[in-house]
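Database features, via TrEMBL:
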TRANSMEM  48-66  transmembrane segment
TRANSMEM  108-128  transmembrane segment
TRANSMEM  208-234  transmembrane segment
TRANSMEM  246-269  transmembrane segment
TRANSMEM  281-306  transmembrane segment
TRANSMEM  326-350  transmembrane segment
TRANSMEM  391-411  transmembrane segment
TRANSMEM  445-463  transmembrane segment
Amino acid sequence: MMNSASFTGNKLHRLCTCSSFKLECLGRSICFLASSFYRFVILRFNTFLVQLCYFLCLSFQGFWVLKALKPRTPLRPRNLDLFFTSVSAATVSSMSTVEMEVFSNNQLLILTLLMFVGGEIFTSMVELQLWRSKLKKPLIAENQVNSVSNNSSAPPDPRNPFGQFELRVVTVPSMSNSTLETDEVQSQIEGRTKSLSSESLKYHSIKFLGFVVMGYLVVVHVLGVTLVSAYIALVSSARDVLKQKGLKLFTFSLFTTVSTLASCGFVPTNENMIVFSKNSGLLLIIIPQVLLGNTLFPSCLRFSIWTLGKFKKVESNYLLTSTREIGFLHLLPSLHSTLLVPTVLGFILIQFTLFCSMEWNSEGLNGLNSYQKIIGALFQSVNSRHTGETIVDISTLSPAILVLVVVMMYLPPYTSFLPTKGDEQSSEICNGGRKRRRGKIVENLIFSQLSYLAIFIILICITERRKMKDDPLNFTVLNIVIEVISAYGNVGFTAGYSCERLLKPDSSCQSKWFGFSGKWSDEGKIILIFVMFFGRLKKFNMDGGRAWKLL
(Lines of atoms letter the chains of each structure in order from A and count residues from 1; the text may use other names and numbers.)
(Lines give C-alpha, C1' and ligand atoms only; values in the text may rest on other atoms or scores of the structure.)
Protein backbone atom coordinates (compact mmCIF):
# COMPACT_ATOMS: atom_id res chain seq x y z
CA MET A 1 0.00 0.00 0.00
CA MET A 2 2.83 2.39 0.86
CA ASN A 3 4.61 1.66 -2.41
CA SER A 4 1.36 2.15 -4.34
CA ALA A 5 0.65 5.46 -2.59
CA SER A 6 4.17 6.75 -3.20
CA PHE A 7 3.93 5.67 -6.84
CA THR A 8 0.62 7.51 -7.21
CA GLY A 9 2.06 10.61 -5.52
CA ASN A 10 5.09 10.61 -7.80
CA LYS A 11 2.83 10.24 -10.79
CA LEU A 12 0.68 13.18 -9.71
CA HIS A 13 3.78 15.25 -9.03
CA ARG A 14 5.13 14.51 -12.50
CA LEU A 15 1.74 15.30 -14.03
CA CYS A 16 1.53 18.63 -12.19
CA THR A 17 5.10 19.48 -13.11
CA CYS A 18 4.45 18.62 -16.72
CA SER A 19 1.22 20.66 -16.74
CA SER A 20 2.88 23.69 -15.16
CA PHE A 21 5.71 23.40 -17.65
CA LYS A 22 3.22 23.31 -20.53
CA LEU A 23 1.36 26.32 -19.12
CA GLU A 24 4.63 28.20 -18.75
CA CYS A 25 5.60 27.37 -22.33
CA LEU A 26 2.15 28.43 -23.53
CA GLY A 27 2.41 31.72 -21.63
CA ARG A 28 5.85 32.41 -23.08
CA SER A 29 4.61 31.60 -26.58
CA ILE A 30 1.65 33.96 -26.21
CA CYS A 31 3.90 36.73 -24.87
CA PHE A 32 6.34 36.16 -27.73
CA LEU A 33 3.57 36.29 -30.34
CA ALA A 34 2.05 39.38 -28.73
CA SER A 35 5.39 41.19 -28.60
CA SER A 36 6.16 40.16 -32.19
CA PHE A 37 2.78 41.45 -33.39
CA TYR A 38 3.26 44.61 -31.33
CA ARG A 39 6.65 45.35 -32.88
CA PHE A 40 5.32 44.45 -36.34
CA VAL A 41 2.52 46.98 -36.01
CA ILE A 42 4.91 49.65 -34.74
CA LEU A 43 7.62 49.15 -37.33
CA ARG A 44 5.51 48.41 -40.38
CA PHE A 45 2.37 50.51 -40.26
CA ASN A 46 2.07 54.20 -41.01
CA THR A 47 1.49 56.46 -38.03
CA PHE A 48 -1.46 58.12 -39.74
CA LEU A 49 -3.23 54.80 -40.25
CA VAL A 50 -2.51 53.75 -36.68
CA GLN A 51 -4.01 56.95 -35.27
CA LEU A 52 -6.96 56.79 -37.65
CA CYS A 53 -7.74 53.24 -36.52
CA TYR A 54 -7.23 54.32 -32.92
CA PHE A 55 -9.83 57.10 -33.09
CA LEU A 56 -12.25 54.98 -35.10
CA CYS A 57 -12.08 52.11 -32.60
CA LEU A 58 -12.33 54.55 -29.72
CA SER A 59 -15.42 56.18 -31.23
CA PHE A 60 -17.21 52.89 -31.92
CA GLN A 61 -16.40 51.49 -28.48
CA GLY A 62 -17.64 54.69 -26.86
CA PHE A 63 -20.82 54.49 -28.90
CA TRP A 64 -21.61 50.94 -27.82
CA VAL A 65 -20.97 51.70 -24.16
CA LEU A 66 -23.09 54.87 -24.29
CA LYS A 67 -25.87 52.92 -25.97
CA ALA A 68 -25.73 50.16 -23.34
CA LEU A 69 -26.04 52.63 -20.44
CA LYS A 70 -29.34 54.22 -19.53
CA PRO A 71 -29.67 57.99 -20.01
CA ARG A 72 -31.13 60.32 -17.41
CA THR A 73 -34.25 61.10 -19.46
CA PRO A 74 -36.81 58.49 -20.59
CA LEU A 75 -36.32 59.40 -24.24
CA ARG A 76 -33.15 57.77 -25.58
CA PRO A 77 -31.05 59.66 -28.13
CA ARG A 78 -30.88 58.29 -31.66
CA ASN A 79 -28.00 55.99 -32.55
CA LEU A 80 -26.53 58.52 -34.97
CA ASP A 81 -26.59 61.22 -32.30
CA LEU A 82 -24.90 58.88 -29.80
CA PHE A 83 -22.20 58.02 -32.32
CA PHE A 84 -21.83 61.71 -33.17
CA THR A 85 -21.32 62.48 -29.47
CA SER A 86 -18.81 59.64 -29.09
CA VAL A 87 -16.80 60.89 -32.07
CA SER A 88 -16.99 64.43 -30.74
CA ALA A 89 -15.60 63.33 -27.36
CA ALA A 90 -12.90 61.06 -28.82
CA THR A 91 -11.69 63.76 -31.22
CA VAL A 92 -12.08 66.44 -28.49
CA SER A 93 -14.34 68.51 -30.75
CA SER A 94 -17.29 69.06 -28.34
CA MET A 95 -19.78 69.33 -31.18
CA SER A 96 -23.18 68.33 -29.83
CA THR A 97 -26.46 67.15 -31.28
CA VAL A 98 -27.87 66.13 -27.87
CA GLU A 99 -28.30 68.16 -24.71
CA MET A 100 -25.64 67.26 -22.16
CA GLU A 101 -28.11 66.88 -19.29
CA VAL A 102 -29.66 63.94 -21.11
CA PHE A 103 -26.68 61.78 -20.16
CA SER A 104 -26.59 59.95 -16.84
CA ASN A 105 -23.67 60.06 -14.42
CA ASN A 106 -22.19 56.83 -15.82
CA GLN A 107 -22.45 58.13 -19.37
CA LEU A 108 -20.72 61.34 -18.32
CA LEU A 109 -17.87 59.27 -16.89
CA ILE A 110 -17.57 57.38 -20.19
CA LEU A 111 -17.40 60.68 -22.07
CA THR A 112 -14.72 61.81 -19.62
CA LEU A 113 -12.68 58.71 -20.42
CA LEU A 114 -13.09 59.27 -24.16
CA MET A 115 -11.91 62.87 -23.86
CA PHE A 116 -8.92 61.85 -21.74
CA VAL A 117 -7.62 59.09 -24.02
CA GLY A 118 -8.44 61.17 -27.11
CA GLY A 119 -6.62 64.29 -25.94
CA GLU A 120 -3.45 65.37 -27.70
CA ILE A 121 -1.24 65.17 -24.61
CA PHE A 122 -2.26 61.58 -23.84
CA THR A 123 -1.94 60.38 -27.44
CA SER A 124 1.46 62.06 -27.76
CA MET A 125 2.58 60.28 -24.59
CA VAL A 126 1.48 56.94 -26.05
CA GLU A 127 3.24 57.78 -29.31
CA LEU A 128 6.43 58.44 -27.36
CA GLN A 129 6.23 55.01 -25.72
CA LEU A 130 5.68 53.33 -29.08
CA TRP A 131 8.55 55.21 -30.63
CA ARG A 132 10.83 54.35 -27.71
CA SER A 133 10.22 50.66 -28.31
CA LYS A 134 11.78 51.06 -31.75
CA LEU A 135 15.05 52.12 -30.13
CA LYS A 136 15.39 49.03 -27.92
CA LYS A 137 17.22 47.08 -30.60
CA PRO A 138 20.12 49.57 -30.95
CA LEU A 139 20.38 49.66 -27.17
CA ILE A 140 20.75 45.87 -27.02
CA ALA A 141 23.28 45.98 -29.82
CA GLU A 142 25.31 48.51 -27.88
CA ASN A 143 25.45 46.17 -24.90
CA GLN A 144 26.62 43.40 -27.20
CA VAL A 145 29.37 45.59 -28.65
CA ASN A 146 30.46 46.60 -25.18
CA SER A 147 30.58 42.98 -24.08
CA VAL A 148 32.65 42.03 -27.15
CA SER A 149 35.08 44.88 -26.62
CA ASN A 150 35.36 44.06 -22.94
CA ASN A 151 35.99 40.40 -23.67
CA SER A 152 38.64 41.21 -26.26
CA SER A 153 40.60 43.33 -23.79
CA ALA A 154 39.94 41.25 -20.69
CA PRO A 155 42.97 39.62 -19.00
CA PRO A 156 43.20 35.80 -18.83
CA ASP A 157 41.42 34.10 -15.98
CA PRO A 158 44.04 32.67 -13.58
CA ARG A 159 41.52 30.17 -12.22
CA ASN A 160 41.21 28.48 -15.61
CA PRO A 161 44.57 28.67 -17.35
CA PHE A 162 43.91 25.69 -19.60
CA GLY A 163 40.78 27.24 -20.97
CA GLN A 164 42.84 29.98 -22.59
CA PHE A 165 44.59 27.70 -25.11
CA GLU A 166 43.35 26.37 -28.42
CA LEU A 167 45.37 23.99 -30.57
CA ARG A 168 45.16 24.79 -34.27
CA VAL A 169 47.42 25.59 -37.20
CA VAL A 170 47.78 29.31 -37.85
CA THR A 171 49.83 31.53 -40.07
CA VAL A 172 51.82 34.19 -38.33
CA PRO A 173 51.42 37.56 -40.06
CA SER A 174 54.03 40.24 -40.09
CA MET A 175 54.12 42.70 -37.23
CA SER A 176 53.15 45.67 -39.39
CA ASN A 177 50.08 44.00 -40.91
CA SER A 178 48.93 42.75 -37.52
CA THR A 179 49.22 46.22 -36.03
CA LEU A 180 47.26 47.81 -38.91
CA GLU A 181 44.50 45.23 -38.70
CA THR A 182 44.26 45.69 -34.94
CA ASP A 183 44.02 49.47 -35.26
CA GLU A 184 41.38 49.15 -37.98
CA VAL A 185 39.24 46.78 -35.93
CA GLN A 186 39.63 48.98 -32.87
CA SER A 187 38.58 52.09 -34.80
CA GLN A 188 35.56 50.25 -36.20
CA ILE A 189 34.54 49.17 -32.71
CA GLU A 190 34.99 52.71 -31.38
CA GLY A 191 32.93 54.20 -34.22
CA ARG A 192 30.19 51.66 -33.76
CA THR A 193 30.17 52.21 -30.00
CA LYS A 194 29.99 55.97 -30.47
CA SER A 195 27.01 55.76 -32.83
CA LEU A 196 25.25 53.32 -30.54
CA SER A 197 25.97 55.54 -27.56
CA SER A 198 24.10 58.34 -29.29
CA GLU A 199 21.21 55.96 -29.92
CA SER A 200 21.31 54.96 -26.26
CA LEU A 201 21.24 58.62 -25.22
CA LYS A 202 18.29 59.20 -27.54
CA TYR A 203 16.51 56.20 -26.07
CA HIS A 204 16.98 57.34 -22.48
CA SER A 205 16.06 60.93 -23.40
CA ILE A 206 12.80 59.82 -25.00
CA LYS A 207 12.10 57.67 -21.95
CA PHE A 208 12.71 60.70 -19.72
CA LEU A 209 10.50 62.84 -21.96
CA GLY A 210 7.71 60.28 -21.66
CA PHE A 211 7.89 60.44 -17.86
CA VAL A 212 7.86 64.25 -17.99
CA VAL A 213 4.73 64.30 -20.16
CA MET A 214 3.07 61.73 -17.89
CA GLY A 215 3.92 63.72 -14.78
CA TYR A 216 2.71 66.92 -16.43
CA LEU A 217 -0.59 65.24 -17.31
CA VAL A 218 -1.14 63.83 -13.82
CA VAL A 219 -0.13 66.95 -11.87
CA VAL A 220 -2.23 69.37 -13.91
CA HIS A 221 -5.28 67.10 -13.75
CA VAL A 222 -4.99 66.59 -10.01
CA LEU A 223 -4.58 70.32 -9.38
CA GLY A 224 -7.48 71.15 -11.70
CA VAL A 225 -9.90 68.71 -10.12
CA THR A 226 -8.87 69.82 -6.63
CA LEU A 227 -9.29 73.53 -7.33
CA VAL A 228 -12.61 73.18 -9.14
CA SER A 229 -14.00 70.93 -6.39
CA ALA A 230 -12.81 73.29 -3.65
CA TYR A 231 -14.35 76.33 -5.35
CA ILE A 232 -17.74 74.72 -5.88
CA ALA A 233 -17.75 73.36 -2.32
CA LEU A 234 -17.01 76.82 -0.90
CA VAL A 235 -19.17 79.01 -3.18
CA SER A 236 -22.89 78.49 -2.65
CA SER A 237 -24.01 79.95 -6.00
CA ALA A 238 -21.93 77.44 -7.96
CA ARG A 239 -23.00 74.64 -5.65
CA ASP A 240 -26.66 75.53 -6.14
CA VAL A 241 -26.29 75.19 -9.91
CA LEU A 242 -25.11 71.59 -9.54
CA LYS A 243 -27.98 70.82 -7.19
CA GLN A 244 -30.51 72.21 -9.64
CA LYS A 245 -28.95 70.23 -12.48
CA GLY A 246 -28.69 67.03 -10.45
CA LEU A 247 -24.92 66.77 -11.03
CA LYS A 248 -22.43 65.25 -8.63
CA LEU A 249 -19.58 67.46 -7.46
CA PHE A 250 -16.79 65.02 -8.30
CA THR A 251 -18.26 64.15 -11.69
CA PHE A 252 -18.57 67.80 -12.65
CA SER A 253 -15.05 68.64 -11.46
CA LEU A 254 -13.46 65.65 -13.19
CA PHE A 255 -15.47 66.08 -16.39
CA THR A 256 -14.77 69.81 -16.69
CA THR A 257 -11.05 69.50 -15.88
CA VAL A 258 -10.45 66.65 -18.32
CA SER A 259 -12.47 68.41 -21.02
CA THR A 260 -10.57 71.67 -20.52
CA LEU A 261 -7.09 70.14 -20.50
CA ALA A 262 -7.91 67.98 -23.52
CA SER A 263 -9.13 71.14 -25.32
CA CYS A 264 -12.53 69.55 -25.84
CA GLY A 265 -14.96 72.09 -24.36
CA PHE A 266 -17.74 69.79 -23.19
CA VAL A 267 -19.41 70.86 -19.95
CA PRO A 268 -22.06 68.62 -18.28
CA THR A 269 -24.62 71.46 -18.32
CA ASN A 270 -26.87 72.30 -21.24
CA GLU A 271 -25.84 75.96 -21.20
CA ASN A 272 -22.10 75.21 -21.11
CA MET A 273 -20.46 77.84 -18.83
CA ILE A 274 -23.22 80.44 -19.26
CA VAL A 275 -24.73 79.40 -15.92
CA PHE A 276 -21.36 80.17 -14.28
CA SER A 277 -20.83 83.55 -15.95
CA LYS A 278 -21.03 85.32 -12.56
CA ASN A 279 -18.58 82.88 -10.90
CA SER A 280 -15.42 84.71 -11.88
CA GLY A 281 -13.30 82.60 -9.53
CA LEU A 282 -14.26 79.41 -11.37
CA LEU A 283 -13.48 81.04 -14.71
CA LEU A 284 -10.06 82.13 -13.42
CA ILE A 285 -9.35 78.53 -12.36
CA ILE A 286 -10.27 77.20 -15.82
CA ILE A 287 -8.36 79.80 -17.88
CA PRO A 288 -4.85 78.48 -16.98
CA GLN A 289 -6.01 74.93 -17.69
CA VAL A 290 -7.05 75.99 -21.20
CA LEU A 291 -3.58 77.41 -21.89
CA LEU A 292 -1.66 74.57 -20.22
CA GLY A 293 -3.52 71.94 -22.22
CA ASN A 294 -3.19 73.51 -25.65
CA THR A 295 -1.49 76.64 -26.95
CA LEU A 296 1.16 76.97 -24.22
CA PHE A 297 1.83 73.26 -23.78
CA PRO A 298 5.15 73.31 -25.72
CA SER A 299 6.49 76.22 -23.67
CA CYS A 300 5.39 74.62 -20.39
CA LEU A 301 6.84 71.28 -21.46
CA ARG A 302 10.19 72.84 -22.25
CA PHE A 303 10.17 74.66 -18.92
CA SER A 304 9.36 71.39 -17.13
CA ILE A 305 12.29 69.64 -18.82
CA TRP A 306 14.61 72.49 -17.87
CA THR A 307 13.37 72.40 -14.27
CA LEU A 308 13.77 68.63 -13.94
CA GLY A 309 17.17 68.82 -15.63
CA LYS A 310 18.78 69.12 -12.20
CA PHE A 311 18.08 65.41 -11.72
CA LYS A 312 18.65 64.24 -15.32
CA LYS A 313 21.21 66.66 -16.72
CA VAL A 314 22.39 64.58 -19.68
CA GLU A 315 18.92 63.65 -20.93
CA SER A 316 17.45 67.12 -20.35
CA ASN A 317 20.32 68.83 -22.16
CA TYR A 318 19.90 66.47 -25.09
CA LEU A 319 16.16 67.14 -25.23
CA LEU A 320 16.59 70.92 -25.06
CA THR A 321 19.33 71.07 -27.70
CA SER A 322 18.29 68.28 -30.08
CA THR A 323 14.63 68.90 -30.78
CA ARG A 324 15.04 68.00 -34.48
CA GLU A 325 16.64 64.64 -33.64
CA ILE A 326 13.90 63.88 -31.11
CA GLY A 327 11.17 64.76 -33.62
CA PHE A 328 8.46 65.25 -30.96
CA LEU A 329 5.89 67.68 -32.36
CA HIS A 330 5.22 69.36 -29.01
CA LEU A 331 8.89 69.83 -28.13
CA LEU A 332 9.62 72.99 -30.07
CA PRO A 333 13.03 74.63 -30.47
CA SER A 334 14.02 77.25 -27.95
CA LEU A 335 13.28 80.25 -30.16
CA HIS A 336 9.89 79.04 -31.33
CA SER A 337 8.91 77.96 -27.83
CA THR A 338 9.85 81.39 -26.48
CA LEU A 339 8.11 83.36 -29.22
CA LEU A 340 5.01 81.22 -28.88
CA VAL A 341 4.18 82.84 -25.53
CA PRO A 342 3.91 86.47 -26.79
CA THR A 343 2.08 85.22 -29.89
CA VAL A 344 -0.60 83.48 -27.82
CA LEU A 345 -0.90 86.47 -25.48
CA GLY A 346 -1.10 88.80 -28.47
CA PHE A 347 -4.00 86.88 -30.00
CA ILE A 348 -5.79 86.92 -26.64
CA LEU A 349 -5.22 90.67 -26.30
CA ILE A 350 -6.62 91.37 -29.77
CA GLN A 351 -9.76 89.35 -29.08
CA PHE A 352 -10.16 90.78 -25.59
CA THR A 353 -9.93 94.36 -26.86
CA LEU A 354 -12.39 93.82 -29.69
CA PHE A 355 -14.79 91.86 -27.49
CA CYS A 356 -14.86 94.51 -24.77
CA SER A 357 -15.24 97.35 -27.24
CA MET A 358 -18.15 95.79 -29.13
CA GLU A 359 -19.92 93.55 -26.58
CA TRP A 360 -19.60 95.49 -23.31
CA ASN A 361 -23.28 96.48 -23.30
CA SER A 362 -24.52 93.51 -25.30
CA GLU A 363 -27.33 91.15 -24.34
CA GLY A 364 -24.91 88.32 -23.54
CA LEU A 365 -23.22 90.32 -20.74
CA ASN A 366 -26.36 91.76 -19.18
CA GLY A 367 -26.54 91.39 -15.41
CA LEU A 368 -22.75 91.28 -14.94
CA ASN A 369 -20.73 93.95 -13.17
CA SER A 370 -17.54 95.41 -14.63
CA TYR A 371 -15.23 92.88 -12.98
CA GLN A 372 -17.35 89.95 -14.14
CA LYS A 373 -17.46 91.36 -17.67
CA ILE A 374 -13.66 91.66 -17.78
CA ILE A 375 -13.14 88.08 -16.57
CA GLY A 376 -15.86 86.83 -18.92
CA ALA A 377 -14.30 88.60 -21.91
CA LEU A 378 -10.90 87.13 -20.99
CA PHE A 379 -12.42 83.66 -20.64
CA GLN A 380 -14.14 83.94 -24.01
CA SER A 381 -10.96 85.15 -25.71
CA VAL A 382 -8.83 82.32 -24.32
CA ASN A 383 -11.34 79.63 -25.31
CA SER A 384 -11.76 80.70 -28.92
CA ARG A 385 -8.49 79.09 -30.05
CA HIS A 386 -9.22 75.40 -29.41
CA THR A 387 -11.23 74.69 -26.26
CA GLY A 388 -14.67 76.09 -27.01
CA GLU A 389 -16.15 76.75 -23.58
CA THR A 390 -18.34 79.84 -23.61
CA ILE A 391 -20.23 82.19 -21.25
CA VAL A 392 -22.32 83.84 -23.99
CA ASP A 393 -24.56 82.72 -26.82
CA ILE A 394 -22.28 82.79 -29.87
CA SER A 395 -25.16 83.69 -32.20
CA THR A 396 -25.69 86.99 -30.37
CA LEU A 397 -22.15 88.27 -31.02
CA SER A 398 -21.49 90.91 -33.66
CA PRO A 399 -20.43 89.73 -37.15
CA ALA A 400 -16.96 91.26 -36.80
CA ILE A 401 -16.24 89.17 -33.69
CA LEU A 402 -17.67 86.06 -35.36
CA VAL A 403 -15.27 86.46 -38.27
CA LEU A 404 -12.38 86.91 -35.85
CA VAL A 405 -13.48 83.80 -33.96
CA VAL A 406 -13.53 81.81 -37.22
CA VAL A 407 -9.94 82.89 -37.94
CA MET A 408 -8.83 81.97 -34.42
CA MET A 409 -10.47 78.54 -34.66
CA TYR A 410 -8.75 77.85 -37.98
CA LEU A 411 -5.24 78.67 -36.80
CA PRO A 412 -3.16 75.67 -35.62
CA PRO A 413 -2.42 75.69 -31.88
CA TYR A 414 1.30 76.42 -32.23
CA THR A 415 1.00 79.26 -34.71
CA SER A 416 3.80 81.76 -34.18
CA PHE A 417 3.33 85.24 -35.62
CA LEU A 418 6.93 86.26 -35.05
CA PRO A 419 9.57 84.80 -37.43
CA THR A 420 11.68 81.88 -36.31
CA LYS A 421 14.94 80.43 -37.51
CA GLY A 422 15.36 77.57 -39.93
CA ASP A 423 15.94 75.02 -37.20
CA GLU A 424 12.26 75.06 -36.35
CA GLN A 425 10.73 71.63 -36.68
CA SER A 426 7.04 72.44 -36.39
CA SER A 427 6.77 72.98 -40.14
CA GLU A 428 7.78 69.36 -40.60
CA ILE A 429 5.37 66.59 -39.84
CA CYS A 430 7.35 64.06 -37.89
CA ASN A 431 6.48 60.41 -37.98
CA GLY A 432 8.41 58.46 -35.37
CA GLY A 433 11.31 60.90 -35.59
CA ARG A 434 11.41 60.81 -39.37
CA LYS A 435 9.77 63.20 -41.80
CA ARG A 436 7.05 61.69 -43.86
CA ARG A 437 7.95 61.17 -47.50
CA ARG A 438 5.28 60.94 -50.12
CA GLY A 439 5.51 60.06 -53.75
CA LYS A 440 5.33 62.95 -56.16
CA ILE A 441 2.01 61.83 -57.61
CA VAL A 442 0.33 61.52 -54.20
CA GLU A 443 1.83 64.81 -53.01
CA ASN A 444 0.52 66.65 -56.05
CA LEU A 445 -2.99 65.29 -55.50
CA ILE A 446 -3.23 66.43 -51.87
CA PHE A 447 -5.14 69.67 -51.36
CA SER A 448 -4.58 72.37 -48.78
CA GLN A 449 -6.59 72.62 -45.58
CA LEU A 450 -8.71 75.49 -46.90
CA SER A 451 -9.56 73.50 -50.04
CA TYR A 452 -10.92 70.60 -48.01
CA LEU A 453 -12.89 72.96 -45.76
CA ALA A 454 -14.42 74.64 -48.81
CA ILE A 455 -15.44 71.21 -50.13
CA PHE A 456 -17.03 70.28 -46.80
CA ILE A 457 -18.94 73.57 -46.61
CA ILE A 458 -20.24 73.14 -50.16
CA LEU A 459 -21.38 69.58 -49.42
CA ILE A 460 -23.23 70.66 -46.28
CA CYS A 461 -24.87 73.54 -48.13
CA ILE A 462 -26.10 70.95 -50.64
CA THR A 463 -27.48 68.59 -48.00
CA GLU A 464 -29.17 71.45 -46.09
CA ARG A 465 -30.33 73.46 -49.12
CA ARG A 466 -34.03 72.96 -48.35
CA LYS A 467 -33.68 74.18 -44.76
CA MET A 468 -31.57 77.12 -45.94
CA LYS A 469 -34.48 78.11 -48.14
CA ASP A 470 -37.24 77.58 -45.57
CA ASP A 471 -35.36 78.86 -42.51
CA PRO A 472 -32.84 81.43 -43.81
CA LEU A 473 -32.21 83.19 -40.48
CA ASN A 474 -31.00 80.04 -38.74
CA PHE A 475 -29.45 78.24 -41.72
CA THR A 476 -27.13 81.01 -42.88
CA VAL A 477 -23.86 80.39 -44.65
CA LEU A 478 -21.98 82.09 -41.81
CA ASN A 479 -23.52 79.72 -39.24
CA ILE A 480 -22.55 76.73 -41.39
CA VAL A 481 -19.01 78.08 -41.77
CA ILE A 482 -18.73 78.53 -38.00
CA GLU A 483 -19.92 74.94 -37.42
CA VAL A 484 -17.51 73.43 -39.97
CA ILE A 485 -14.46 75.45 -38.90
CA SER A 486 -15.27 74.70 -35.26
CA ALA A 487 -15.41 70.96 -36.01
CA TYR A 488 -12.18 71.18 -38.02
CA GLY A 489 -10.37 73.07 -35.28
CA ASN A 490 -11.85 70.71 -32.64
CA VAL A 491 -13.15 73.78 -30.81
CA GLY A 492 -16.87 73.29 -30.24
CA PHE A 493 -18.22 76.81 -30.77
CA THR A 494 -21.66 76.81 -32.37
CA ALA A 495 -24.26 79.38 -33.33
CA GLY A 496 -27.02 77.10 -32.06
CA TYR A 497 -30.61 77.10 -33.22
CA SER A 498 -33.37 79.41 -32.07
CA CYS A 499 -37.09 79.10 -32.73
CA GLU A 500 -37.37 82.88 -32.36
CA ARG A 501 -35.51 83.31 -35.66
CA LEU A 502 -38.13 81.40 -37.65
CA LEU A 503 -39.81 83.46 -40.38
CA LYS A 504 -42.99 81.46 -39.91
CA PRO A 505 -43.66 80.85 -36.20
CA ASP A 506 -44.10 77.18 -35.38
CA SER A 507 -45.77 76.20 -32.12
CA SER A 508 -44.19 72.75 -32.21
CA CYS A 509 -40.66 74.16 -32.39
CA GLN A 510 -38.65 73.87 -29.17
CA SER A 511 -35.33 75.62 -28.63
CA LYS A 512 -32.74 73.14 -27.42
CA TRP A 513 -29.34 73.66 -25.81
CA PHE A 514 -27.32 71.74 -28.37
CA GLY A 515 -25.26 72.68 -31.38
CA PHE A 516 -26.52 74.01 -34.68
CA SER A 517 -25.68 70.64 -36.27
CA GLY A 518 -28.37 69.06 -34.09
CA LYS A 519 -30.94 70.46 -36.53
CA TRP A 520 -29.11 69.18 -39.60
CA SER A 521 -30.10 66.20 -41.70
CA ASP A 522 -28.43 62.84 -41.15
CA GLU A 523 -26.30 63.39 -44.24
CA GLY A 524 -25.05 66.70 -42.87
CA LYS A 525 -24.19 65.12 -39.51
CA ILE A 526 -22.22 62.34 -41.22
CA ILE A 527 -20.24 64.92 -43.19
CA LEU A 528 -19.48 66.79 -39.97
CA ILE A 529 -18.23 63.51 -38.43
CA PHE A 530 -15.71 63.28 -41.27
CA VAL A 531 -14.74 66.90 -40.60
CA MET A 532 -14.06 66.10 -36.92
CA PHE A 533 -11.81 63.17 -37.85
CA PHE A 534 -10.08 65.28 -40.48
CA GLY A 535 -9.51 68.08 -37.99
CA ARG A 536 -8.16 65.73 -35.33
CA LEU A 537 -5.61 64.31 -37.80
CA LYS A 538 -4.85 67.56 -39.62
CA LYS A 539 -1.23 67.52 -38.41
CA PHE A 540 -0.52 64.91 -41.08
CA ASN A 541 -1.58 67.24 -43.89
CA MET A 542 -0.27 70.65 -42.86
CA ASP A 543 2.02 70.75 -45.92
CA GLY A 544 -0.65 69.83 -48.47
CA GLY A 545 -1.50 71.85 -51.55
CA ARG A 546 2.05 72.86 -52.45
CA ALA A 547 1.57 71.74 -56.04
CA TRP A 548 -0.95 74.55 -56.56
CA LYS A 549 0.57 77.91 -57.47
CA LEU A 550 -1.49 81.09 -57.24
CA LEU A 551 -0.18 83.73 -59.64
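Cβ atoms are placed via backbone N, Cα and C, with glycine included.
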Outside the transmembrane segment (246-269), six or more residues from its ends: residues with CB under 8 Å to it: 72, 88-89, 92-94, 96, 100-101, 103, 105, 108-109, 111-112, 115-116, 118-122, 217, 220-221, 224-225, 228-229, 232-233, 239, 275, 286, 289-290, 292-294, 383, 386-389, 413, 490-493
Positions on the same chain near the transmembrane segment (445-463), where near means CB under 8 A and six or more residues out: 410, 438, 477, 480-481, 483-485, 488, 520-521, 523-524, 527-528, 530-531, 534, 538, 541-542, 544-545, 547-548
Recorded stretch, among 48-66, 108-128, 281-306, maximising Cβ pairs under 8 Å relative to the transmembrane segment (326-350): 281-306
For the transmembrane segment (48-66), distant same-chain residues with Cβ under 8 A (at least six beyond the ends): 41, 79, 82-83, 85-87, 89-91, 103, 107, 110-111, 114, 117-118, 123, 431, 533, 536-537, 540
Surrounding residues of the transmembrane segment (108-128) on its own chain - C-beta under 8 Å, 6+ positions past either end: 47, 51, 54-55, 58, 62, 65-66, 69, 85-86, 89-92, 206, 209-210, 213-214, 216-217, 251, 254-255, 258-259, 261-264, 266, 268, 293-294, 297, 328-330, 536
